[in-house]
Amino acid sequence: MIRADLTDIPTYVPGKTTEDALKLSSNEVAFTPLPAAVSAITEAATSANRYPDMGAVELRGVLAEHLELAPEQITVGCGSSALCQQLVQATCADGDEVIFPWRSFEAYPIFARVAGATAVPIPLLPETQEHDLDGMIDAITERTRLIFLCNPNNPSGTTFTEEQFEAFMQRVPADVVVGLDEAYFEFNRAEDSPVATEAVQRYPNVIGLRTFSKAYGLAGVRVGYAFGNPDLIGALNKVAIPFAVSSLAQAAAIASLDAADELLERTEEVVAERERVAQIVGAAPSQANFVWLPDEDAAALAGKLAEHGVIIRAFPEGARITVTNAAETDRLIQAWEAVHNG
Ligand SMILES: Cc1ncc(COP(=O)(O)O)c(C=O)c1O
């Protein structure tokens, strides 16, 4: 009944959770949505018998102001995950190639393969855990249609510089699309990083991807956005599921953008805590809301921390620990010390 190659395609694995445990496995924030966002959701719920605005006109208008782009340069999706998938569908036919860093967002290879494209993972540089941008360029073939870059990268928390990005773009053919995934943009304090809203103005083949799930604290309502050249945005819309962004999500996103300054202030706590966590666990500095321990026996570490009520994320390449607020860091440190000092 089912297409033969689906058996070999990995299933997306969400971060684990158990009741009462401290969940540091999904890069969520600990703060709840703002009261204004909750009211907007409640209000929108009263007209849930109607379909949402398929064009998300109001939300795109507010985003356009925030991003200093035109509404035609923006689309929204059911999380930026959906937009990553749409990007593959809009660019790739059977057998085309999608290049991405690895390890990175685990959905990239899944979306590529589900669309019938070939996934081309390029390992992170072993010493620094940064993108191997030269390796990605070397992997481009005439079948390459799409390259994902993840800045800061999930799970390594590393960034690349504007200069590296410019040098990279000079070598990418103009008909290959670059998806610049900035899911963790609001946590990034690296002053030399490229900024997708500026990059899309220079490169018609760059699409920026951001989300309300992380810094805006709306992971549960599912809304993300993509921006770039209107032709590419039109192509993303063509492959979208109609009405994918609910009226509740649109209302929550608008209310949250209205209070963006207040929300983004909250990222400062994450920035302070990530240094504390990195020091305790011996991780390299991170520009996102998690730290990364490559080469760690991640499954063993995750198992031991779980015995002390803390859930982290184990990958074959290492362990990722989400960073939230001071109280949760204290709980993590307690568990960490219990595991390491008995
Ligand atoms: C790098 C990256 N991109 C995109 C996403 C998708 O987030 P969402 O679908 O919640 O917007 C995630 C989620 O973890 C991520 O880590």
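Including glycine, each Cβ sits where the backbone N, Cα and C put it.
Confidence across the domain 'Aminotransferase class I/classII large' (20-335), taken as the mean pLDDT and rounded to a whole number, stands at 97. The domain 'Aminotransferase class I/classII large' annotation in TrEMBL covers 20-335.
As annotated by TrEMBL, N6-(pyridoxal phosphate)lysine applies to Lys214. Taking a C-beta cut-off of under 8 Å and a sequence gap of six or more, Lys214 (N6-(pyridoxal phosphate)lysine) has these contacts in its own chain: Asn27, Glu28, Val29, Ala183, Tyr184, Glu186, Phe187, Asn289.
Reduced to three states, the DSSP call for Lys214 (N6-(pyridoxal phosphate)lysine) is coil.
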